[in-house]
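See below for the structure under consideration.
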Amino acid sequence: MEKTFVMVKPDGVKRGLIGAIVARFENKGFTLVKGELMQLSREKAEVHYGHLRAKPFFGELVDFITSGPVFAMVLEGKDAIKNSRLLIGATNPSEAGAGTIRGDFALDVEANIVHGSDSAENAEIEIERFFGKG
Ligand code: RTP
């Protein structure tokens, strides 16, 4: 069994979609191992999106992700990273298929409702970033 890090972004929390999103993962077969509503600091957000620092939308992205609480989760399941990314759908909701979370719940490339780790290495780093060691 593999673990991954997923978070409902501030747009999903504000729209009252935490339960619906957690249900999508549980329906697929994932187990919710940890879950916590938290407010990201700008510092943590800038580290989390460090790979996008050079992008023109970086400042706006940090403003967005710190605009309200996120619901951070650790999910466990078979091939959790690959399967959670499939369930989440393409980064741009306009390109995400029906049946995926972004395809069904979002319209905007930035406010795309959910984040999921994209590799085993990043999952480990992100779980520690949001929940600490151990
Ligand atoms: P995430 O990290 O949130 O799961 O998203 P991802 O891997 O699918 O996409 P990534 O390229 O890492 O982008 C991270 C987040 O940045 C926002 N974004 N905005 N304005 C834009 O063109 C743009 N492009 C990306 C999205 O919120 C994306 O999820």
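Quick reminder: no glycine exception, Cβ is built from N, Cα and C everywhere.
According to TrEMBL, the features are:
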type	residues	note
DOMAIN	1-134	domain 'Nucleoside diphosphate kinase-like'
BINDING	Lys9, Phe57, Arg85, Thr91, Arg102, Asn112	ATP binding site
ACT_SITE	His115	active site, pros-phosphohistidine intermediate
Exercise. In this predicted model, what is the average pLDDT of the domain 'Nucleoside diphosphate kinase-like' (1-134)?
Worked result: 97
Problem set entry | Local Cβ density at His115 (active site, pros-phosphohistidine intermediate) - other Cβ atoms counted within 10 Å | 20
Seminar exercise, completed: When the binding-site residues Lys9, Arg85, Arg102 are compared by other Cβ atoms within 10 Å, fewest goes to Arg85
Exercise. Where does Phe57 (ATP binding site) sit by DSSP, helix, strand or coil?
Worked result: coil
For this session: Check the residue listed as 'active site, pros-phosphohistidine intermediate' against DSSP and tell me helix, strand or coil, would you?
Result: strand
Seminar exercise, completed: Filtered by Cβ distance under 6 Å to ligand 1, the binding-site residues Lys9, Phe57, Arg85, Arg102, Asn112 reduce to Phe57, Asn112
For this session: In three-state terms from DSSP, label Arg85 (ATP binding site) for me.
Result: helix
For this session: Calculate the distance in Å between the alpha carbons (Cα) of the residue listed as 'active site, pros-phosphohistidine intermediate' and Arg102 (ATP binding site), and round it to a whole number.
Result: 10
For this session: Determine the minimum-neighbour residue: among Thr91, Asn112, listed as binding-site residues, which Cβ has the fewest other Cβ atoms within 10 angstroms?
Result: Thr91
For this session: Please report the number of other Cβ atoms within 10 Å of the Cβ of Phe57 (ATP binding site).
Result: 13
For this session: Give the residue counts of the domain 'Nucleoside diphosphate kinase-like' (1-134) per reduced DSSP state, in the order helix, strand, coil.
Result: 63 helix, 26 strand, 45 coil
